[in-house]
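Pulled these features from Swiss-Prot for this protein:
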type: TRANSMEM; residues: 12-32; note: transmembrane segment
type: TRANSMEM; residues: 53-73; note: transmembrane segment
type: DOMAIN; residues: 114-164; note: domain 'DHHC'
type: ACT_SITE; residues: C144; note: active site, S-palmitoyl cysteine intermediate
type: TRANSMEM; residues: 159-179; note: transmembrane segment
type: TRANSMEM; residues: 195-215; note: transmembrane segment
Amino acid sequence: MGFAEWRLRNKYWTIYIVPLVVLLLMIYGTWAYCHKLCYERVYRDFGHKATAIGLICTCCVLDALIIAIWVLIVSCGPGHQPGVAPHLLVDSADLENTTVAPNCYQSDPHGYPVWCSNCQSLKVGRTKHSSHQGHCVPRFDHYCVWLGAVIGFKNYRLFVQFVFYFAVLLMIVWITISVYIRDIRQYHARLNANLIVLLIISGIGWLMTSGLFVSYIYYMSQNLTSIEVIDLKKRKRTPELSMQRLYCYYNSDDHYRYVVKLDNDFKGSVYKKHWLKNIKEFMGSNPMLWFIPLPQYWHESPLANGERDVNTIVSPYQEEVGPHTIDYIKKRIESGEYIHKFKEPGREKTHL
């Protein structure tokens, strides 16, 4: 049995092992930092009592904040896209059991949208089916093995906050140990092994979390998810994968739908807008809340409840295609570079 097969069969065990290791390392690091460094060295040996108490309080507050955000990430979840019925794209389709297609959506060469066979629903926007959650996740970003949680539309901001505050904590720990190393060596011939281990762990962790945080700032500014970044890198190595990027667009000028392929000359995210608006789509419209770990709660229903407008059904998970994408598609249509063209009966029927 290969490792990949073993991991798949034992996923319900492995999803707890790594987060448990991370939690134990946090507990060990807090003990080593607060007791071995702050109390035994800074407080007792050097007599810097106010500094030691301040460092201990800062570490404990950040620890509590990080664990609280972790709990919120898992408890809130990534979100659950409501069920969306097929679009009304053919005359023979049942009007009551279909939905009106948005102006632009990802499709196959014939103009049919992406379908999830597990949820029996359309995948709207950047929705992906998550095997860990058992349902479709809106704006699926990735599965974080360190936290044992799927990151998506609903808990994305919490994840960014988790990475940020973890990076701050590790930075404080690493800098504090580095500053006091010389003074400690004057009192003791050997540096405590726990402090050496903590210095290494905090240094590596700081580089990882700070690098991850900077990367996510860039991803958000470009309106990209982690899975899209991986896909873009694959396309650079294998250009033929660009055949998968097909979008169906309703042209209001002639009232036809066109299926257009986004070639490799199309750069960036389909949803890209102004960089600040991109960040607000991920972090929220209020910058004051970007650093406050508050969960986002709203009513979710796995059923469409008879609603036919897709944007209303998936609200508040609705995502708009960027203006530069629309301009690119229109230019392809004007030059005749499209794959398929058809009349959409759904719009005619809904306007009768």
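Glycine is no exception: its Cβ is also placed from the backbone N, Cα and C atoms.
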Suppose you look only at the domain 'DHHC' (114-164); what would the mean pLDDT be?
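That stretch averages a pLDDT of 93.
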How many of the residues that make up the domain 'DHHC' (114-164) does DSSP mark as helix, as strand and as coil?
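The breakdown for the domain 'DHHC' (114-164) reads 9 helix, 16 strand, 26 coil.
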At a 10 Å cut-off from the C-beta of C144 (active site, S-palmitoyl cysteine intermediate), count the other C-beta atoms across all protein chains.
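Cβ-Cβ neighbours of C144 (active site, S-palmitoyl cysteine intermediate) within 10 Å number 19.
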